[in-house]
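Features as listed in TrEMBL:
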DOMAIN    8-92  domain 'Prepilin peptidase A24 N-terminal'
TRANSMEM  70-90  transmembrane segment
TRANSMEM  96-114  transmembrane segment
DOMAIN    102-219  domain 'Prepilin type IV endopeptidase peptidase'
TRANSMEM  126-145  transmembrane segment
TRANSMEM  157-178  transmembrane segment
TRANSMEM  190-223  transmembrane segment
TRANSMEM  235-258  transmembrane segment
Amino acid sequence: MPIIILSVFSLFLGLIINIVASRIPKGEEDVSWVWPFCGACSRKLTLLEMLVPVNFFIHKGKCKKCSSKVFVRPFQITLFTLIVSISLYLKFGLTIQFFAFLLLMSILIAVFFIDMDYYIIPDDLLLAGLGGALIVFFYNLFYEFPIFMDRAWWNPLVGGALVSIVLFIIGIIGLFIYKTDAMGMGDVKLFVPIGIFLGWRMVVVSFILSAIIGSLISIVFMIFKGKKLKEAIPFGPAIVLGTFTTILFGIDILNWYLQFNSY
Ligand SMILES: [Zn+2]
């Protein structure tokens, strides 16, 4: 029963993420808010159309006006949202961690698709993430937030700084050696809210998983799409997948690793 309620809730959450993720680039680091529209004929979508699974199966994902397949992306967003909320529920039940990570993942799903389409991670999504991170920080002062794996008040702060500072230094070195922005600064900033949500241990796990997933995606792109190593492949989606995996299995992965390396 809770799964059914959660699924219906996920459709509406997916609708909100669709509206957030449907935007157009404004400049280097920012995007404008726009109402979701058909990419082919610019017709604005109705709310009912964005409750996507309904529309996807009735109209086979096609625009009513121009018949182009515009609902593929909204369908992916809704499906991703559904998978995320149900896995979080199965892992955490209706606990504070469920709600915290549902908030983080909702922002990250929008990041996933915006970065994939526009190679941008909008600052206002980062700010929304920081807002949620602030709540987690204060919660941790009074109650246990299990993914931190200890009760230290500074744990989330170190988490927010750790990976982002390391990436920032790598980015600066890359700037001197290769004379290009090898490490996108949007990726660096994204690890600040993620680190506060995950604490310092799990943000390291998240970074390592993201790097592995990012490398695999790059290899697949090079083999199947003929892209060269130097061509920009957005790292944002890899960070989102790495973080989601860490939320679900990070502590198990860390324990397994420690067991494996103790003698
Ligand atoms: Zn259309």
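Each position is counted from 1, following the chain as shown.
Backbone N, Cα and C define each Cβ position, glycine as well.
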Long-range Cβ neighbours of the transmembrane segment (96-114) (under 8 Å; 6 or more residues past either end): 13, 16-17, 20-21, 23, 31, 73, 76-77, 80-81, 84-85, 88-89, 120-122, 125, 128-129, 132, 135-136, 139, 143, 145-147, 190, 193-194, 197, 236-237, 239-241, 243-244, 247
Best-contacting stretch, by C-beta pairs under 8 Å, relative to the transmembrane segment (157-178) and drawn from 70-90, 126-145, 190-223, 235-258: 190-223
Integer average pLDDT (0 to 100) for the domain 'Prepilin peptidase A24 N-terminal' (8-92): 82
Per-state residue totals over the domain 'Prepilin type IV endopeptidase peptidase' (102-219) - DSSP helix, strand, coil: 99 helix, 0 strand, 19 coil
Tally of DSSP helical, extended and coil residues in the domain 'Prepilin peptidase A24 N-terminal' (8-92): 46 helix, 8 strand, 31 coil
